């Protein structure tokens, strides 16, 4: 019987934290000892190391490949990859033996998604062509088939009954994170909040296998796009590539014509000019809408496994939404989204500078989801992207800072890093080895509590959040929450958030900060109650609503009381000095 056989292929084993997806292909991230950001000179007590931190830093302690290098390697790997739907009764060894007759298999894994599937990576791309020439086309008994030879295959047994005895247990790579209730149980067995945060990161982050599936989905869509645009590439962006993706998140992808444009520029060199005759349209937006309309129809009518195709062409950024059944992903396809890919690269750099960055982001985002502050559907609530930017801003504000501002990254940029897209300056360093290590050694325990306290008392009425400067600046408009887009500085990425949702976030942040400050870990463990991060993963509930409101008021009352006491002491001191004179 197919089973998980040991759970996640890259997971916490014997207390060691493995970072799937990052170390496997890109050689690890620059660790805490390699992420100096500035010279603060402030004396910081070195915090004790926590379970998971040493291992996380060990995984990320060598020079990191640039974002562009990683994307190139992943896309090339995807082009050598196929996906096979397998029977429930499977002899994995015999399947691999058959496929090996077409070329050397570099790697493979199996997973369950509406049945068992096998992802097979060949060493050479021409092995796929050999296989395509050998397999048959489905017989059109009930339905007529569209004769498109993709890299999606179905593997069947000619004599299922007689071959059932040859079935062997297979290891299935999980493609979804564990339920919150199971996560809470795991967190309760940790020895510190920092350890809990690394456990959550390990359980929720994209695995190596899941990342490869995402790039394969993009590569399969590219096969269709190249029927119309031979030099185009379909690239993933956002959470699939910025190191902050959670298992189960959507795949954002865009059709990129950048290589085509570079080629056109080169062709103009020489004593004469020659160019293609092309359809001319009055605007880039109209061109993108027409391109997406055609690709959307193509996927809907001819794409194996592409279902629920929606063309949303009048959105600010036109896109095609669809469900890709073979990989199990919900996908959003847009065109030439260059600024979005720069945002992905910026977060990629931040995520690779220090092992604490991603652990804090994952914990905050999971907390927000549990308490109904975020939602997968569009609405007036805070998005995961906005939350991630708030964490980045908080880390820039630490003393000394844990990550640099965008302006500081721009100073380190060289000529190849200079990019102006649509009139916006998107320049910043791509080589992580140029970024000096931080001197900040605060533990995740401290950072988690400080994050909630900081934003629980942030003056949202007056100030906005600016990652380019790394400081609060006056809001340019009256939106309840204003977070500057790092590149398109005239845009507020949190413009959708209304006042009630912001007030709910502030109240939850204050309540959470209070819980972390007042919690008695030992007593909770004795009583076998969730503690630390585990306690924050349980909704506070309606029964605690009035208590929470009083506690929030109490925070303000305590602040006012302390201020009045201070004024009384100052007045008494002044009076005493006057008497002495």
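Including glycine, each Cβ sits where the backbone N, Cα and C put it.
All annotation found in TrEMBL is predicted automatically rather than curated by experts.
Since the structure is predicted, the reported quantities are computational estimates derived from the model, not experimental observations.
What TrEMBL annotates here:
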DOMAIN    66-134  domain 'RL'
DOMAIN    193-351  domain 'Poly(A) RNA polymerase mitochondrial-like central palm'
DOMAIN    446-481  domain 'PAP-associated'
Next on the checklist: I need to check the long-range neighbours of the domain 'PAP-associated' (446-481): which residues 6 or more away from its ends have a CB within less than 8 Å of a CB in the stretch?
Outcome noted: 47, 193, 197, 356, 360, 363-364, 382, 386, 389-398, 401, 404-408, 489, 492, 494-495, 497-499, 501-502, 505-506, 509-510, 512-513, 516-517, 533, 555
Item to check | Residues in the domain 'PAP-associated' (446-481) grouped by DSSP into helix, strand and remaining coil | outcome: 11 helix, 8 strand, 17 coil
Next on the checklist: Please list the DSSP helix, strand and coil residue counts for the domain 'RL' (66-134).
Outcome noted: 31 helix, 20 strand, 18 coil
Checklist entry - Per-residue pLDDT averaged over the domain 'RL' (66-134) comes to what? => result 94
